[in-house]
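Annotated features, as they stand in Swiss-Prot:
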BINDING   Lys13, Phe14, Ser15, Gly16, Gly56, Arg60, Thr164, Tyr170, Asp173  ATP binding site
BINDING   Gly55, Asp76, Thr137, Gly138, Asn139, Pro140, Phe141, Phe142, Thr143, Thr144  UMP binding site
Amino acid sequence: MQTKIKNKRVLVKFSGEALAGDNQFGIDIHVLDHIAKEIRSLVENDIEVGIVIGGGNIIRGVSAAQGGIIRRTSGDYMGMLATVINAVAMQEALEHIGLDTRVQSAIEIKEICESYIYRKAIRHLEKGRVVIFGAGTGNPFFTTDTAATLRAIEIGSDLIIKATKVDGIYDKDPNKFKDAKKLDTLSYNDALIGDIEVMDDTAISLAKDNKLPIVVCNMFKKGNLLQVIKHQQGVFSMVK
């Protein structure tokens with residue numbers, strides 16, 4: 001008997017660093033292809049998918065501003081452009097395997113992609129297209145986690161999935177500490193006041209105010225995204 005899928009529309013957030021794979025910079029084509037195939041499994045199961053990708057594999061606004069030459073505002077805008085580069089790369093990977101995809105940018109770049117209009121984004125999703133949201137919120141000083149949460153709320157997502165390199169949320173970094181304990185569920189308040197890194201406080205507060213569940217899972221496990229949406233235990237953590 002097939003497991004019933006409980007979430008029809010989701011937003012998946014990937015970090016830019018994840019696209020670099022084992023490299024320190026750029027885009028690993030093998031990682032890009034893996035992510036595209038994971039997204040295809042969702043679409044094939046009638047899940048409407050929005051995507052937000054960070055830009056840290058190219059440039060991070062905070063890091064760019066540390067040298068004292070580039071102002072934080074300009075650094076953040078540079079980071080937004082990096083997310084558009086990643087969005088276009090992901091669009092190519094998705095279309096390469098047969099998925100109709102649109103990129104919408106919070107900053108107008110009409111020669112490359114659509115400008116973000118939430119009603120148009122929803123219409124694309126209803127038609128079975130994948131929508132990738134680039135350029136963050138379009139404003140400096142906001143993270144792509146906050147942008148992902150904002151877009152998830154605007155398009156009416158059932159949940160937001162933060163796809164990472166670990167199986168969920170831990171009380172400390174599992175890559176550094178062997179005794180790290182996985183936390184299957186966590187309240188918004190615990191995520192806000194604790195030392196546990198899930199998303200930045202703005203993103204979590206926004207999710208809390210709008211009762212949007214946050215799921216953290218391993219993006220590198222084949223089939224894991226679809227399992228998460230089917231609510232199978234043991235492969236994710238949830239903040240709600």
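Backbone N, Cα and C atoms are what each Cβ position is placed from, and that goes for glycine too.
Shown here: features listed in Swiss-Prot, placed on the structure.
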{"residue": "Lys13", "record": "ATP binding site", "DSSP class": "strand"}
{"residue": "Gly55", "record": "UMP binding site", "DSSP class": "coil"}
{"residue": "Thr137", "record": "UMP binding site", "DSSP class": "coil"}
{"residue": "Thr143", "record": "UMP binding site", "DSSP class": "coil"}
{"residue": "Thr164", "record": "ATP binding site", "DSSP class": "strand"}
{"residue": "Asp173", "record": "ATP binding site", "DSSP class": "coil"}
Asn139 (UMP binding site), number of other Cβ atoms within 10 Å: 15
Candidate binding-site residues Gly55, Asn139, Phe141, Thr143, pick with smallest Cα gap to Ser15 (ATP binding site): Gly55
Site diameter for UMP, Å, by largest Cα distance between Gly55, Asp76, Thr137, Gly138, Asn139, Pro140, Phe141, Phe142, Thr143, Thr144: 14
Cα-Cα distance linking Gly56 (ATP binding site) and Thr143 (UMP binding site), given in Å to the nearest integer: 11
Neighbour tally for Ser15 (ATP binding site), based on other Cβ positions within 10 Å of its Cβ: 21
Minimum Cα separation from Asp173 (ATP binding site), reported as the residue among binding-site residues Gly55, Thr137, Asn139, Phe141 that achieves it: Gly55
Integer Cα-Cα distance in angstrom, Lys13 (ATP binding site) to Phe141 (UMP binding site): 18
Among Gly55, Gly56, the one of these binding-site residues whose Cβ has the fewest neighbouring Cβ atoms within 10 Å: Gly56
Check: same-chain CB within 8 A of UMP site center, minus Gly55, Asp76, Thr137, Gly138, Asn139, Pro140, Phe141, Phe142, Thr143, Thr144: Gly61, Gly79, Met80, Gly136, Thr146, Ala147
